[in-house]
Amino acid sequence: MLVLALLPLLPFLALAFPTQQQPFSSTPEESMNNKINPLKHLSAISPFYIPTEKPTSLPPKCELGRVSLLIRHSSIQGNDDEFEQTMKPFIDKIQNIPKEDLPKAGPWKFLRDWDTPIKEETLEVVSPQGKKDAKFLGKYIRDQYQLLFPPKKKTSTKKDKNKTPYKVWTASSTRDIDTAKSYIKGGFPSHQSGDDGEGDGEVVQLVKVPNKAKDWDRSLTPHKACDTFEKESSLEPANKWLAVYAPKVIERLRGIIPEIADQLVDQDILAMQMLCGYESIAVGHSHFCHLFTDEEWLDVEYYFDVRFHYMMGYGSSLSPYLGMPWAKTAKHLLAGKDTDEGLHPSFTHRESPAFVAVFLNLFNSSSHPHPASEVPPLDHRVDDRAWRTSHLVSFLGHVALERFHCKGDKEEYVRAVVNGRAEKMSGCEDGKEGSCKWKTFDKWVDERAQRWGDWESVCEK
């Protein structure tokens with residue numbers, strides 16, 4: 001049971017795995033009486049958590065055959081661009097205010113002695129807690145897919161030695177490699193994981209894929225191999241929404257810390273909300289997590305959803321092209337071609353799960369009030385939207401394609417699972433409980449790959 005598996009976790013993971021009814025914890029002095037946990041609403045800055053209490057089970061009398069798994073790296077202590085563009089200007093602003101001008105009492109008094117743990121030298125570095133989270137994920141994935149893992153036995157037969165090693169694939173950035181190593185240490189016994197987490201080479205092997213590889217390997221970080229991919233244009237619509245909600249926050253703060261509020265700009269509000277996530281990742285807590293209302297946390301979550309809609313979601317014409325390589329490779333592996341391995345995990349950056357979601361047409365059912373492909377309004381927040389990046393691209397967020405079969409049924413099926421929750425692939429849902437028949441999926445992916453397969457025409461400048 002998932003609940004039992006969570007019992008031994010450290011205090012910080014307890015924060016990342018609250019029950020849905022449990023309010024976000026804070027000290028009485030600093031309490032905003034939040035009913036939601038801000039760390040679960042920070043999109044790509046959200047620390048590792050499983051969004052559902054229990055993974056979606058397979059239909060009755062069904063069992064897994066093969067699984068392809070795409071996993072974002074674990075929690076880092078700051079993103080380069082976010083630090084330079086947003087957090088550092090705010091940090092510098094506070095540090096340049098004389099101490100006597102900072103609040104002397106109340107929840108904001110911490111600013112008088114505040115020294116953020118987010119430093120330039122540790123940006124993009126997986127935090128110690130992030131490594132523990134990745135190790136836990138290895139145990140969690142093994143619990144979910146235990147029959148697809150090699151046996152834990154120490155002794156090997158001649159037949160075992162002739163088998164190719166169980167491969168774990170990773171992009172070549174240090175944060176991806178560190179995450180993959182910790183995952184291996186958590187998912188395999190020490191005699192298979194190796195001392196450094198790169199595998200023993202016989203049963204388990206870590207395979208590092210160059211970020212900018214131009215062949216099929218680009219499926220792990222396709223945007224790195226695409227010269228026309230850029231992030232800057234997505235900031236414009238996101239900042240339009242920021243200009244709607246941030247001034248309201250500043251106005252509220254004028255009644256609490258007028259000496260500070262008068263110096264704040266919209267980006268400073270975003271910076272503090274980002275710092276809630278990154279400081280929590282670095283040291284396990286952040287004062288900034290207790291200073292905003294639930295509505296303000298939902299507003300910043302919408303900010304990220306708007307931004308990522310245009311950067312790596314349905315609002316970018318590149319997304320299905322960049323999601324195609326992994327999906328096509330995953331289908332190849334699910335077919336059992338070139339390998340006997342039943343589980344194929346790959347570690348990547350935040351963009352790739354979103355690209356894959358677009359290619360697979362996830363969160364985009366026409367029956368939903370606000371499908372993921374619908375353009376997000378910038379003058380108000382849409383609360384019943386399907387596109388929620390906190391669920392998709394949080395640290396260690398993962399997308400699985402699971403091939404399964406059922407007793408008394410000749411058909412094979414495929415379903416998409418995002419962080420433990422089954423999601424429909426709109427246009428490919430003729431199987432059991434919203435899944436897709438394997439034959440349909442095979443043809444459907446090929447048709448979509450043909451439509452969005454002209455890589456060079458869209459990626460070369």
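Backbone N, Cα and C atoms are what each Cβ position is placed from, and that goes for glycine too.
Automated prediction, rather than curation, is the source of TrEMBL annotations.
Here is what TrEMBL records for this protein:
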SIGNAL    1-16  signal peptide
DISULFID  CYS62-CYS406  disulfide bond
DISULFID  CYS276-CYS289  disulfide bond
DISULFID  CYS428-CYS436  disulfide bond
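The number of other Cβ atoms within 10 Å of the Cβ belonging to CYS276 (disulfide bond), over all protein chains shown, comes to 24. The distance from the Cα of CYS428 (disulfide bond) to the Cα of CYS406 (disulfide bond) comes to 18 Å. For the pair CYS276 (disulfide bond) and CYS436 (disulfide bond), the C-alpha distance works out to 40 angstrom. Least packed by the Cβ count within 10 Å, out of the disulfide-bonded residues CYS62, CYS428, CYS436, is CYS62.
Of all the Cβ atoms in the protein chains shown, 17 others lie within 10 Å of the Cβ of CYS406 (disulfide bond). The CA atom of CYS406 (disulfide bond) is located 13 Å away from the CA atom of CYS436 (disulfide bond). Between the alpha carbons (Cα) of CYS62 (disulfide bond) and CYS436 (disulfide bond) lies a span of roughly 14 Å. A strand conformation is recorded for CYS62 (disulfide bond) in the three-state DSSP classification. CYS289 (disulfide bond) and CYS436 (disulfide bond) have their C-alpha atoms 41 Å apart, to the nearest angstrom.
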